[in-house]
Amino acid sequence: MRNHTPVTEFVLTGIPHTNGLENVLFVLFLAFYLLSLLGNLLILLAVLTSATLHTPMYFFLGNLSVFDIFFPSVSSPKMMLYLMGQSRTISFQGCASQLFFYHFLGCTECFLYTAMAYDRFAAICHPLRYTVIMNYRVCAILTLGTWMGSCVHASALAFLIFKLPYCGPNEVDSFFCDIPVVLPLACADTSLAQTVSFTNVGVVALVCFLLILTSYARIVVAVLKISSSQGRRKAFSACSAHLASVLLFYGPVVLIYLWPASSPRLGSVVPVLNSIVTPSLNPLIYSLRNKDVKVALRKALIQGVHACGA
């Protein structure tokens, strides 16, 4: 180590095989980023302004919108500066911050989907006791536990990765700092850090996914017992938006962290989908398939227009 200079900044190499497409990618990613911000802000506005949406289901949906605003903001601004030909470097502290917030928000969203699955389970399988099971205290505890658990998870990962010495090379083979691209740059044995970090991510994702599957297995059994076809259709419709969001979220996670033989090209494209594209699709999924959200949003926008006109 005495013969090496500690790394003080990293160089982001961007997305491989995209030379000459910077302007196109900039417009595309900017559109997705703005769509994500606008869509999630509108969902949040509908939840906050409509008294009919002050229920546990929409409380968690509002939380999801908050996280989908911040999640793409971790990597998108720096990536768009890169595509504009601005600085491609990121400080050591900035790289550590990116990794922390990426896993903090990602883990929070993972826990949040699990809480939403439990909420749907309580609503469909125990409708008469739903207000007792999902009372204000339970929702507050689940939300606080989500925040705190994610903070501990991300702090452990960031400490584990960045306590290692980095003395060159300093080129991060991606458009933002994450474990698979930062850890190989350490000039020390990374086997322990790699095993612990990927086990940590894998256990959190797997446990949450199994809990979601368990909830939906119970939901399917309960729905099939409903005698009327209209009742079954209504129950499945109430869960379809959440299930679609879960699949969009877990698909990239599996490919990034749990797929043993993913190709370099796949490994560079999937994080883009996970951090930019998916957060922009959630508002479309929930607003287009949810009548209550559409009505509440329409009322909020009309009231806003009238207030501006007055």
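Our numbering is plain: 1 for the first residue shown, then up by one each step along the chain.
Any Cβ shown, glycine's included, is placed from N, Cα and C.
Remember, it's a predicted structure, so these values are computed and weren't measured experimentally.
Pulled from TrEMBL, these are the features on record:
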- 24-48: transmembrane segment (TRANSMEM)
- 39-286: domain 'G-protein coupled receptors family 1 profile' (DOMAIN)
- 60-80: transmembrane segment (TRANSMEM)
- 100-118: transmembrane segment (TRANSMEM)
- 138-162: transmembrane segment (TRANSMEM)
- 201-224: transmembrane segment (TRANSMEM)
- 236-260: transmembrane segment (TRANSMEM)
- 266-288: transmembrane segment (TRANSMEM)
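Among the recorded stretches 24-48, 60-80, 100-118, 201-224, the one sharing the largest number of Cβ pairs closer than 8 Å with the transmembrane segment (138-162) is 100-118. A Cβ distance under 8 Å defines the sequence-distant neighbours of the transmembrane segment (100-118), meaning residues of its chain 6+ beyond its ends; these are 57, 60-61, 63-64, 67-68, 70-71, 74-75, 142-143, 145-147, 149-151, 153-155, 157-158, 176-178, 201, 204-205, 208, 211-212, 215-216, 242, 245-246, 249, 253, 275. Residues 15, 18, 54, 58-59, 61-62, 65-66, 68-69, 72, 76, 79-80, 83-84, 272, 276-277, 279-280, 282-284, 286-287, 293, 296-297, 300 of the same chain lie 6+ residues outside the transmembrane segment (24-48) yet bring a C-beta within less than 8 angstroms of a C-beta in it. Same-chain neighbours of the transmembrane segment (60-80): 12, 14, 26, 29-30, 32-33, 36-37, 40-41, 43-44, 47-48, 90, 98, 101-102, 105-106, 108-109, 112-113, 115-116, 119, 139, 143, 146, 175-176, 245, 275-276, 279-280, 282-283, 286, 293, counting only residues six or more beyond its ends whose CB sits under 8 Å from a CB of the stretch.
Long-range Cβ contacts of the transmembrane segment (201-224) within its own chain (Cβ-Cβ under 8 Å, at least 6 residues beyond either end) map to 103, 107, 110-111, 113-114, 117-118, 120-121, 124-125, 153, 157, 179, 232, 235-236, 239, 243, 246, 250, 253-254, 257-258.
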